[in-house]
């Protein structure tokens, strides 16, 4: 029970002894119930882990700072309502836009997957092969313009990262003029509920397609690769959390997960598009695989056709129930079943 609990019990015992008999008994009874409830709540996380079945282990954690650009593998990350965070790097908090403010992704510019954004202290570094690195401050100057952007039809703001950054990206892609914007904490997030009503009105994202968390299992990836001539990587599908040690497509049935103190709730499957055909190592889009193979065996149930259309499903979208930090190697437990 601990020193605090013992002290409280002693005070209530003295109080009970100074009261009439029936009041003393009642006071002692209420005290025992209250302290018992406190002890039970404190012991519940440990007891719950003993009762739960482990369904896997965290094998990889990925943050994609710039939408459609190279992912950053991390050994641990904070789980926030808007996705993974590691220091100053947050998932999909930077976005490439065109002159009209529309998002630009690897669907239009496949070579975006070759650009990386890393952070060292207060300095961000944009890097790409055969191109000089560009350094920029983690805090975008407040004198920079704020743009109204559009991501999958929903408006969201972003602060311009400057002319040098715009020229660097445009030069590397050899494209029309593009700009890089940054989502800041005071800006209004997008609501995935406006995209798919399976999400809750309170769920929020910055520049992610639909959800703050995407989970995929190594077993599902291995099953897909067994059907392909040219193997693909997890980064073709841009998951945030990759799970090992589970059955093939087990993630399809995980309603709620517990990882450390973090609780995640499954919302829906991730429907796949042509972006999966971009090779993350070369920036070349094949337009066929692995999408064609996925279409042959990962279609939705006919009753869900209105939600997913004819797009194949691979990986699952989750939202946050309880925040905390997760690490590679953490056991993954199933909740609510």
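Glycine residues also receive a Cβ, built from the backbone N, Cα and C atoms like all the rest.
Feature list (source: Swiss-Prot):
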TOPO_DOM  2-20  topological domain 'Mitochondrial matrix'
LIPID     2  N-myristoyl glycine
TRANSMEM  21-40  transmembrane segment
TOPO_DOM  41-337  topological domain 'Cytoplasmic'
BINDING   67, 68, 92, 210, 211, 238, 240, 271, 272, 273, 317  Mo-molybdopterin binding site
REGION    93-183  region 'MOSC N-terminal region'
DOMAIN    187-335  domain 'MOSC'
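Feature annotations (Swiss-Prot) mapped to structure.
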{"residue": "67", "record": "Mo-molybdopterin binding site", "contacts (Cβ under 8 Å, 6+ apart)": "92, 94, 95, 96, 103, 105, 151, 207, 208"}
{"residue": "211", "record": "Mo-molybdopterin binding site", "contacts (Cβ under 8 Å, 6+ apart)": "192, 199, 203, 205, 267, 268, 270, 317, 318, 319"}
{"residue": "240", "record": "Mo-molybdopterin binding site", "contacts (Cβ under 8 Å, 6+ apart)": "61, 62, 63, 83, 84, 91, 213, 214, 215"}
{"residue": "272", "record": "Mo-molybdopterin binding site", "contacts (Cβ under 8 Å, 6+ apart)": "237, 291, 294, 298, 311, 312, 313, 314"}
Take every residue in the topological domain 'Cytoplasmic' (41-337), average their pLDDT values, and give the whole-number result. 96
In Å, how long is the longest CA to CA span across 67, 68, 92, 210, 211, 238, 240, 271, 272, 273, 317, which the record gives as the Mo-molybdopterin binders? 18
Kindly assign residue 67 (Mo-molybdopterin binding site) to one of the three DSSP-derived states: helix, strand or coil. coil
Using DSSP, tally how many residues of the region 'MOSC N-terminal region' (93-183) sit in helix, strand and coil. 16 helix, 41 strand, 34 coil
Please count the residues of the domain 'MOSC' (187-335) that DSSP assigns to helix (H, G, I), strand (E, B) and coil. 36 helix, 46 strand, 67 coil
